[in-house]
Amino acid sequence: MSNNKSIRITVASCLLIVSMVAGLFVYSTIAPKELTAEEYKQIGFYKLVRTRQINNFELIEGDTGFSKNDLIGAWDVLFLGFASCPDMCPMTMKKMAMANSNLSEEVSSKVNFRMISVDPDRDTPEKMQKYATAFNPNFTGITGDIEVIYKLATDLTLPFVPVLGSDNSNYDMDHSMNLAVIDPNGNYFGFFKSPHTPEKMAQVLESIVTFN
């Protein structure tokens with residue numbers, strides 16, 4: 001074998017090894033990491049020791065019904081808020097949209113982001129759907145009977161209460177800013193504690209969806 005041919009083979013082998021190492025490095029930096037319970041807590045997510053069943057419910061999404069069955073088959077991030085909220089609700093919805101944009105295409109296809117109104121007297125189905133889709137076309141807005149919403153909020157430990165103003169028509173809503181995560185079996189899996197960071201939310205969702 002000539003020296004030139006030997007050199008070419010050696011160079012090609014080195015390039016192949018470098019490419020493989022580089023590929024492994026890139027994969028290790030972008031591949032989802034399985035987080036521990038402690039790591040979840042450090043970045044603001046609290047995973048339940050055991051998933052918790054949610055009672056059946058019937059609400060409204062747009063012009064169709066929305067029930068517990070609609071939570072089965074994918075991961076769901078639920079935010080309980082209201083459309084006339086002046087600041088915290090739109091800020092939270094924006095962060096949810098940013099978290100969604102940070103997800104890989106594969107994980108994003110397995111996660112639904114939903115906002116459920118705690119103010120159904122003012123939040124009609126049309127209003128809620130328009131509000132939610134303003135942040136992302138794939139987001140959904142849900143409303144319905146206040147008693148049903150209250151029971152669901154209790155199941156998810158996301159309390160809310162009206163704060164009355166000078167008259168009964170002038171009121172605000174005091175509500176939890178945490179986000180509930182529902183697993184593909186329709187069970188309560190855990191929650192994001194406020195305040196929310198989109199990048200950390202995406203990191204958690206990548207881990208949850210990939211390794212559960």
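Just so you know, glycine gets a Cβ as well, placed from its N, Cα and C.
Bear in mind that TrEMBL entries carry predicted annotations, made automatically and left uncurated.
Per TrEMBL, the features are:
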type	residues	note
BINDING	Cys85, Cys89, His175	Cu cation binding site
DISULFID	Cys85-Cys89	disulfide bond
TRANSMEM	7-27	transmembrane segment
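Feature annotations (TrEMBL) mapped to structure.
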{"residue": "Cys85", "record": "Cu cation binding site", "Cβ contacts under 8 Å, 6 or more apart": "Met173"}
{"residue": "Cys89", "record": "Cu cation binding site", "Cβ contacts under 8 Å, 6 or more apart": "Phe79, Gly81, Phe82, Ala83, Met115"}
{"residue": "His175", "record": "Cu cation binding site", "Cβ contacts under 8 Å, 6 or more apart": "Leu80, Gly81, Phe82, Val118, Leu158, Pro159, Phe160, Val161"}
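One way to see the shell of the Cu cation site is to take the Cβ centroid of Cys85, Cys89, His175; the remaining same-chain residues with a Cβ within 8 Å of it are Leu80, Gly81, Phe82, Met88, Thr92, Val118, Met173, Met177.
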